[in-house]
Structure formats: structure tokens, C-alpha cells
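Following: one structure in C-alpha cells, then a few remarks.
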Amino acid sequence: MVKDIAKILINQRENKVSASLYYWLQIIFSFNSNRIEGSTLSEKQTQQVFDTGTIFADENGLIVVDDVLETSNHFRMFDYVLDTIDVDLTSEYLFKLHTMLKRGTKSELDSKMNVGGFKQFPNQIGSIEAVQTTLPAEVPHAIQSLLEKWNADPHSNLLDFAKFHYRFETIHPFSDGNGRIGRLILFKELCKADLMPLVIRESNKPFYLRGLKKFEDDDSYLVDTLGAEQDYYTQLVERFLEI
């Protein structure tokens, strides 16, 4: 059953199955991944965007346009990932995802953000106990090396995926959007390996960030967080597919 997850999702999408695993996954993946990065949209608003392409203001009365765009763009990114599950990761593949995420946003109009290309200025993960990332000049080689090594061998151990995700995030190749792209390709590569994919929930953000920050000293924090999310996703799959 695990090896068929991506095919099941594509089938549900193509047949427009209502209240399906695909439907809810689009909403919870976009909501949680964007929320981890500071999006102001609620899960209900995310659902509205997916259902109707419209949105109602919440009690705060304010809607950040880029939050809406990146929510909608995430839906398209996820579809692209589903359609390319078996494609090897390359820099060009990552550029495509970055371009899709930032389409129509302010970043797309800002040359400093270099949408669709690697970062031009240093960045970091977080602000408190920030994790330093690879310098811009070193990113092309670092990404090429990471992806070539990753694509060369099959992977079946969750620790392998945790290491890959950690290394991608600490390279932090783009000016913005690294977390969302990293979590999407993590989902993709788990499906490609016939393993249960996962969605990192915003409620587990503190544990997720701790896992990234502490990885060099103790990789179990990130592995345990990914494992817990894998268990949660397994329950979701079993409920929707009545396994």
C-alpha cells in the first residue's frame, strides 16, 4: 500500500474525488508548511483558497497578499511533486519549485531575492540560537554534491532522510522558501523510496526546529520528530483509505 500512495493521490486528483486524502493533504500540507514560515492564514482560510480561490478575512481583518499567493502556489507545487515522484533531484528541479512558490509575490519582482536561482546574500535558520548556513558562493557546489550523493544510492532508513533534510536546510540554497521546498522534496523522496511520507505540523514546529539545531550533536531529535509525523500521516492514510 505504501508504494501506491502517490498513485492514489494522483488518481483522486484526476477523478476529483471529494473529501479525499488528496483533498485534505493539499490543505494541511500548504497550511502547516506555510504556517511554520510565518503565514497568517488559518486552516479554514487555506481550505477556502483551495476550494474557491477566494478568502474571507478573519477576526484580525487583515490578509497578507503574499500569504494567499504562496498558499495557492503550494497547491501547484504539490501537484508538480506528485507528477515527478520518480524524477531525480537536480538544481534545475529545485529552481522550478522556487519559481513556482514565489510566482506573483513581491519577491519575484525583487532582483535581490533571485527567484528561480540560488541565494546571493548570506542567510540563517531562525533568529534565536540561529543556525548558520552555507555561504552563497559555495551553494552551487554544495547542492550538486548533496544531490549527486543522494541520487546515487537507494534509501530506506528514516535517519538517511533526516540527514538529507538537515543538510539541505543548512545549505539553505535560496533567499526564501527553503523550508517549504525542503519539506516538499522530503515528501517526494519518501514516496519515491516506497516509504510512508509525512507532513510536519505547525504544532510541532518547536520540536522540528530543535531537531535541526541539535542535529550535529544528537540526530535523534529530528529523527523522532519525523517518525512521529510519519505515524500521524499513517493514521490519516488508514482513515481515508479505510485500510
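Heads up, the Cβ atoms here are built off N, Cα and C, so glycines get one too.
Lifted from TrEMBL, the feature list:
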- HIS172: active site (ACT_SITE)
- ASP176, GLY177, ASN178, GLY179, ARG180, ILE181, GLY182, ARG183: ATP binding site (BINDING)
- 89-242: domain 'Fido' (DOMAIN)
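Shown here: features listed in TrEMBL, placed on the structure.
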residue: HIS172; record: active site; DSSP (3 states): coil
residue: GLY177; record: ATP binding site; DSSP (3 states): coil
residue: GLY182; record: ATP binding site; DSSP (3 states): helix
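Every protein chain shown contributes to the tally, and the Cβ of ASN178 (ATP binding site) ends up with 22 other Cβ atoms within 10 Å. Around the residue listed as 'active site', the same-chain residues at least 6 positions away in sequence with a Cβ under 8 Å from its Cβ are LYS119, ASN123, GLN124, ILE125, THR133, THR134, ASN178.
The 10 Å shell around the Cβ of GLY179 (ATP binding site) contains 23 further Cβ atoms across the protein chains shown. Neighbour count (other Cβ atoms within 10 Å of the Cβ, all protein chains): 23 for ILE181 (ATP binding site). Cβ neighbour count for GLY182 (ATP binding site) (all protein chains, 10 Å cutoff from its Cβ): 25. A sphere of 10 angstroms centred on the C-beta of GLY177 (ATP binding site) encloses 26 other C-beta atoms.
Excluding the listed site residues ASP176, GLY177, ASN178, GLY179, ARG180, ILE181, GLY182, ARG183, the same chain places SER33, GLU37, LEU101, PHE174, LEU184 with Cβ atoms within 8 Å of the centre of the ATP site Cβ atoms.
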